[in-house]
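**Q** Take a look at this one; I'll ask things after.
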Amino acid sequence: MHRLSRRSVNSLLRYGGHRRRDAMAAASVGSSGINGSGGERDASGRRYSVLSHLTSTGPASARSLKSGNMIPLGIRYESTAADFSASDTPVEKYEYQAEVSRLMDLIVNSLYSNKEVFLRELISNASDALDKLRFLSVTEPQLLEGAPELDIRIQTDQDNGIITLTDSGIGMTREELVDSLGTIAHSGTAKFLKALKDSKDAGTDSNLIGQFGVGFYSAFLVADKVVVSTKSPKSDKQFVWEGEANSSSYFVKEETDPEKMIPRGTRITLHLKRDDKGFAHPERIERLVKNYSQFVSFPIYTWQEKGYTKEVEVDEDPAEAKKDGTDDGVEKKKKTKKIVEKYWDWDLTNETQPIWLRNPKEVTTEEYNEFYKKTFNEYLEPLASSHFTTEGEVEFRSILYVPAITPMGKEDIVNPKTKNIRLYVKRVFISDDFDGELFPRYLSFVKGVVDSNDLPLNVSREILQESRVVRIMRKRLVRKAFDMILGISMSENREDYEKFWENFGKHLKLGCIEDRENHKRLAPLLRFFSSQSEQEMISLDEYVENMKPDQKDIYYIAADSVTSAKNTPFLERLYEKDLEVLFLVDPIDEVAVTNLKSYKEKNFVDISKEDLDIGDKNEEKEKEMKQEYGHICDWMKKRLGDKVASVQISNRLKASPCVLVSGKFGWSANMERLMKAQTVGDSSSLDFMRSRRVLEINPEHSIIQTLNAASRSGAEDEEALRAIDLLYDTALISSGFTPESPSQFGGKIYEMMNMALSNKWSSQTQEAEVVSEPQATFQTQEAEVVAEPQATLEAEVVEPIETTGGSQK
């Protein structure tokens, strides 16, 4: 951690930064300019530097000091840098401006959430330096002399844990070095852009990245010492800056070692901390460059180990040669083997032209698909893509994709933190971890890249700031995503949208619940089964086209399956009138449609709720029915009590005797079933929502007609009252509700079965017993009566003949 010396802290606490004003005013200030030898000498010959307010004019100047702009000022510090002590070059020691011990601690431990972003920040700074040089070289071509190539090179020393990043950019003079690296949060890029704005070239397009002035200090995330060696074409000398993570000061000197000279630019050497030496692995550096700085507009080379295959001769064993028996005089072919020769060389790591900066007319579908597979590690081609540029008050470029399938093993559609949107600012990757800033969570399946030059970020560039710009970007991205999905739905190949709906239909239904502003875009994309299309889903547009001329509403019924929906008694009269009804069979369907409320000025109407109007109202007939069946309605309501709010004459039944409908503002039977299934459902709210139920009876059914007669003649008859209870329980089940006591309902069914079976089969058995026994006796007696006379008659007939014969004889 960065700490100020005890002496400095005490002076701050005691004098509030104005230490010994009289002594400071009387102090003689050395004329150590930035390019001079710097510092004062005491009697022993030791060199000192006078700490002053480090502004753009450099350290101590000949002007008088004002104590009001200093933190502790007027204190002289002895130069004791270990690495610099052996050099004869004059060395100056400077204190950082501001409370660096606290600010550096914030930068290292709080500002950046991920250590690996240090390389992104350093490459971004190098890219800015190259951009500045390229811009200035237009009017000053001599700046490019000696090193015409503009590139960034990264070399690693894995054994010693050292990373060296070198750019051939504009470099820095001594004044600029102290000004930029000695002042925390001083942005040279912001200063350069301000100069451009104030100059006549204000309209020049520049893709400079840095704007906060703290990117360089991200190096201390992984390094305990940083050495910066820089050479500006405006200066004949090369200067070195050195700072340590646990120090509140830094050192500047002139570079005199010939082996460390560079023609132009800046070389940053990071001495990594012990725990972070893994960053010095060449493959890890290459991976970080490809992830964060893949599309920086200058080539980035990394020092990589390579190899090539070659054949080498193999010395043959004399014993084996003699064993082969070949003639010594005959020249034989020498044996060879292949080996891999290793060497180190510079390897181009990044692509300088991102696909989203190209003209969409010049990019083929194959190139879009290849970029999608490579960027998001996919193996299937996307269903659709959209490449667009937004201009105006907010400018950005983007490519969006609709995947072919949902990610494997990710069933949670409400998780907004996906890695599907990669955000770039001036072609530098910022983050892919968002919490719904750029896309709502119901569109979290959309993948793509977004590149903006003026996106409002925080200092660490990792968190979006809540602002009007972000809201405008979100609206335009969502709009483009809907246009892309609509294009799939309008495709000639219907299977494309069926595949999309199978994978992402629930996401759009969730959008109906969460995003009221986009209901008009969401509704045409919805698909449902219906009473006239049980095998193939239809859109709301198709439903509206098939509506009857006098039909005012869009009818629907919610159930757990198509089979349950089509067999519900609520559909009987609608089937008769050939009215189409949507089947909402997905648990989220009913909530989504309820939030939509209407489509093309047609209201959604649940046919399982009271006050259903199907366009066949006859007031005179209803009045007659109420007069005729009003008594049974009151009688049944008295029997059922609080189980129902009322009993009414139904206009939706044809074959069923009754049906139980929900209150207009209460839960439907399907919703009640779903809420009961919730593990944390609130039973008190459940009771409130289901309290309004209406029993509707069908006056044309024989059961109702029989009970109507019973209500007038035998209102207290127990069998009639039990029939009402059984009728209610049966209506509960047929209407989709669950009986409060299934066992009691089962007991009533068994009792009725017993009565029906015993009345029918037992009576037939008794009749059979009564009838069958007399018939058997009668037949037996009749047989005896008939048999005996026949036998007697035969005997009487035969015997007289015999007798006659005997008498004659």
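Backbone N, Cα and C atoms are what each Cβ position is placed from, and that goes for glycine too.
According to TrEMBL, the record shows the following:
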DOMAIN    114-276  domain 'Histidine kinase/HSP90-like ATPase'
BINDING   Glu121, Asn125, Asp167, Met172, Ser187, Gly188, Gln211, Phe212, Gly213, Val214, Gly215, Phe216, Thr266, Arg461  ATP binding site
REGION    774-809  region 'Disordered'
**Q** Tell me, what is the mean pLDDT of the domain 'Histidine kinase/HSP90-like ATPase' (114-276)?
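**A** On average, pLDDT over the domain 'Histidine kinase/HSP90-like ATPase' (114-276) sits at 82.
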**Q** May I ask which residues of the same chain, at least 6 positions away in sequence, place their Cβ under 8 angstroms from the Cβ of Gly215 (ATP binding site)?
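**A** Spatial neighbours, sequence-distant, of Gly215 (ATP binding site): Glu121, Leu122, Ser124, Asn125.
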**Q** Given a 10 Å Cβ-Cβ cut-off, pick out the one of the binding-site residues Glu121, Asp167 that has the most other Cβ atoms nearby.
**A** Asp167
**Q** Can you tell me how many other Cβ atoms are located within 10 Å of the Cβ belonging to Thr266 (ATP binding site)?
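**A** 24, counting other Cβ atoms within 10 Å of Thr266 (ATP binding site).
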